[in-house]
Amino acid sequence: METSLRYATNSRSLKIHAKEKFPVNSKTRLQLHGELDTGAGVPSYFCAMIRYFFHEASTNLGVGLHYDKREKLRCLVRGKKKFPVITDEVVTFNIKGRCDFDQDLVQRNAKGAAEFDWNIWKFQKDQDLRLRIGYEMFEKVPYMQIRENNWTFNTNLKGKWNVRYDL
């Protein structure tokens, strides 16, 4: 099980996130994840998703259900496509999108982004680094991510930020 501690400017409380991936076959897995809000002492959300991977095309698709304490049950569809900029995939250009629907299948929330990833393996001894710069198309806002081994810092030009530590 993958677990992490997360803190964001919009929540003002520490969250504990857990994710488990169950392989169905070589290209498909069931992914369960959820989050506990330590400030309120209750779960923030729970999600169950089937993810399908097209390894030869560096593409993945996912369909699932998401239960949020505020918006109740939602349907979720997401996808991501990677394009290597350099042959060893140290630098990639990624296109990703997702759309949430309410129970009546009316569109609720769409997100889409284009981004560049630069993975620097062995930046220092026992230290890997990833730099990501992207643009969220629906919110029209640039963003960036810095990831160093277990630490991840995300921010955008609207002043939002979050930090994650993978346990």
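The backbone N, Cα and C atoms fix where each Cβ goes, glycine too.
From a predicted model like this one, the values you see are computed outputs, not experimental measurements.
Residues 29-40, 44, 159-167 of the same chain sit 6 or more residues outside the topological domain 'Cytoplasmic' (1-21) yet have a Cβ under 8 Å from a Cβ within it. Residues or ranges marked as topological domain 'Cytoplasmic' by Swiss-Prot on the basis of sequence analysis: 1-21 (among others).
Note on the transmembrane segment (22-31): residues 47-55, 62, 64 of its chain, located 6 or more positions outside it, place their CB under 8 angstroms from a CB of the stretch. Residues or ranges marked as transmembrane segment in Swiss-Prot (evidence: similarity to another entry): 22-31 (among others).
According to Swiss-Prot, the feature topological domain 'Chloroplast intermembrane' maps to 32-55 (among others), an assignment based on sequence analysis. Beyond the topological domain 'Chloroplast intermembrane' (32-55), the same-chain residues lying 6 or more positions past its ends with a Cβ under 8 Å from any Cβ of the stretch are 6, 11-20, 22, 24, 61-69, 76, 78.
Summarising the annotation, Swiss-Prot assigns transmembrane segment to 56-65 (among others) and lists similarity to another entry as the type of evidence. Proximity of distant same-chain residues to the transmembrane segment (56-65), defined by a Cβ-Cβ separation under 8 Å and at least 6 residues beyond the stretch ends, is recorded for 31, 47-50, 73-84.
Sequence-distant contacts of the topological domain 'Cytoplasmic' (66-71) (same chain, at least 6 residues past either end, Cβ-Cβ under 8 Å): 42-47, 100, 102, 108. What Swiss-Prot lists as topological domain 'Cytoplasmic' is 66-71 (among others).
Marked as transmembrane segment by Swiss-Prot on the basis of similarity to another entry: 72-81 (among others). Beyond its flanks by at least six residues, the transmembrane segment (72-81) meets 47, 49, 57-66, 94-103, 105, 108 of its own chain at Cβ-Cβ distances under 8 Å.
The topological domain 'Chloroplast intermembrane' feature in Swiss-Prot is assigned to 82-87 (among others); the stated evidence is sequence analysis. Through the fold, the topological domain 'Chloroplast intermembrane' (82-87) approaches residues 58-59, 93-95, 116 of its own chain, all at least 6 residues removed from its boundaries and within a Cβ separation under 8 Å.
According to Swiss-Prot, the transmembrane segment annotation covers 88-97 (among others), on the basis of similarity to another entry.
Same-chain neighbours of the topological domain 'Cytoplasmic' (98-110): 66, 71-79, 138, counting only residues six or more beyond its ends whose CB sits under 8 Å from a CB of the stretch. For 98-110 (among others), the entry in Swiss-Prot reads topological domain 'Cytoplasmic'.
According to Swiss-Prot, the transmembrane segment annotation covers 111-120 (among others), on the basis of similarity to another entry.
Swiss-Prot lists 121-127 (among others) with the feature topological domain 'Chloroplast intermembrane', giving sequence analysis as the kind of evidence. Across the topological domain 'Chloroplast intermembrane' (121-127), DSSP helix (H, G, I), strand (E, B) and coil residues number 0 helix, 5 strand, 2 coil.
According to Swiss-Prot, the feature transmembrane segment maps to 128-137 (among others). For the transmembrane segment (128-137), same-chain residues at least 6 beyond its ends with a Cβ under 8 Å from one of its own Cβ atoms are 94, 111-122, 143-149, 156.
Long-range contacts of the topological domain 'Cytoplasmic' (138-142) within its own chain (CB-CB distance under 8 A, at least 6 residues past either end) are made by residues 110-112, 156-158. Marked as topological domain 'Cytoplasmic' by Swiss-Prot on the basis of sequence analysis: 138-142 (among others).
Among the features that Swiss-Prot reports, transmembrane segment is placed at 143-152 (among others).
Look at Swiss-Prot and you will find 153-158 (among others) tagged as topological domain 'Chloroplast intermembrane', backed by sequence analysis. Under DSSP, residues within the topological domain 'Chloroplast intermembrane' (153-158) fall into helix, strand and coil as 0 helix, 4 strand, 2 coil.
What Swiss-Prot records for 159-167 (among others) is transmembrane segment, and it gives similarity to another entry as the kind of evidence.
Taken together, the residues in the topological domain 'Cytoplasmic' (138-142) have a mean pLDDT of 97 on the 0 to 100 scale.
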